[in-house]
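Swiss-Prot annotations:
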BINDING   50, 51, 52, 53, 54, 55, 56, 57  ATP binding site
COMPBIAS  429-444  compositional bias 'Acidic residues'
REGION    422-456  region 'Disordered'
């Protein structure tokens, strides 16, 4: 495969080169030009919403090239904490030292912003001095505080004709011919995702047309985790198994839990099961190193081990395969918002109780039992951990959450009363010390004339003796 990915090599450098999004681009131009004319729009953020591969990210970079902006790109999936995002945004408030280039702050995957951090990011948007552009596949999954402050620009899904035309233009520039039926199949399987179609085309051209059936057979942009597991456990072909995580909306560490849970249900012989567990053990080591060092290129080796490594471990059971969700997290039953709330609770436990993530996870399970059975104690934990109403509801359920929240109000009121008493005591102490200092000063002032008078009497006595 060529060194340079075609998706980057042939990325449009002008807005006019973007495929079939004229209506959206018209709004984008009007918005950015209001910044350039010194009259920032009322909504200082722009939200590009639409399906994958429709041109959202390409729009940002074409816009920057055409209007001479520098892009500072962040990803909500990676830079989730407010402090990190705030640091980048703060750094971008001013222009370069020479003042030649302005900056566009680009936050990709805005539909992955944690709800707990949304209010603070909204404040950053309010005080922004540079354009902020966000991209999301699902508009309604962007937190409301962010949506309310952003101008919405909707991108439509590209049709097969649009995708094929773009692929043909690339092939002409490469001087390559590909059978029409393969181009049609690529466009069909892409579901309007031009980025995915270009990647598939480059893979097929590099590997030969005999690989086309494998690449295209597993192209499913909305693939579920069950389909991904099927690709790992129903194949003994390492090359095909590696495609399991392609376009799956799940991190490698989460997918590893699913693979781990299902190995006992899929393998017949103990020695084969052991080989599969050895593969995911190595994957876990790579993931841990990536997390500790920040070197996420190690993910590639982890993914290879948890997919290809497991696939070639031995003979799987024949027939229909029923897959099971991980018991530890029960991720199947949780929506993305619920996972976000769960992660927020775990972080608060780690911070306030000085625990590791694993310890915090176990503690959260205990807290769930407490919140379901001891509402008074639950209220105290709520105040101690500074839990939100949604987090209380996550731990206790809707019926009990309201009662617990009501109890926290009285606890907070008592805390405030105690704080007021303590503040008053401190103030009284300060006033008492100040009064004592004033009395001491007054006493010193009163003693000065006496000392001087005494000194005067000594001189007079000396003179008297001298005279006599």
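A Cβ is built for glycine as well, from the same backbone N, Cα and C atoms used for every other residue.
When secondary structure is read from DSSP and collapsed to three states, residue 54 (ATP binding site) falls in the coil class. The DSSP breakdown of the compositional bias 'Acidic residues' (429-444) into helical (H, G, I), extended (E, B) and coil residues amounts to 16 helix, 0 strand, 0 coil. Neighbour counts were taken as the number of other C-beta atoms within 10 angstroms of each residue's C-beta; across the binding-site residues 50, 52, the minimum falls on 52.
Cβ-based crowding with a 10 Å cutoff singles out 54 as the top-ranked of the binding-site residues 54, 57. Taking all protein chains in view, 25 other C-beta atoms sit within 10 angstroms of the C-beta of residue 56 (ATP binding site). Within 8 Å of the centroid defined by the CB atoms of 50, 51, 52, 53, 54, 55, 56, 57, the record's ATP site, lie the Cβ atoms of 48, 135, 137, 155, 193, 194, 195, excluding the listed residues themselves. Within 10 Å of its Cβ, the residue among the binding-site residues 51, 55 with the fewest other Cβ atoms is 51. The local packing around residue 53 (ATP binding site), expressed as other Cβ atoms within 10 Å of its Cβ over all shown chains, amounts to 27.
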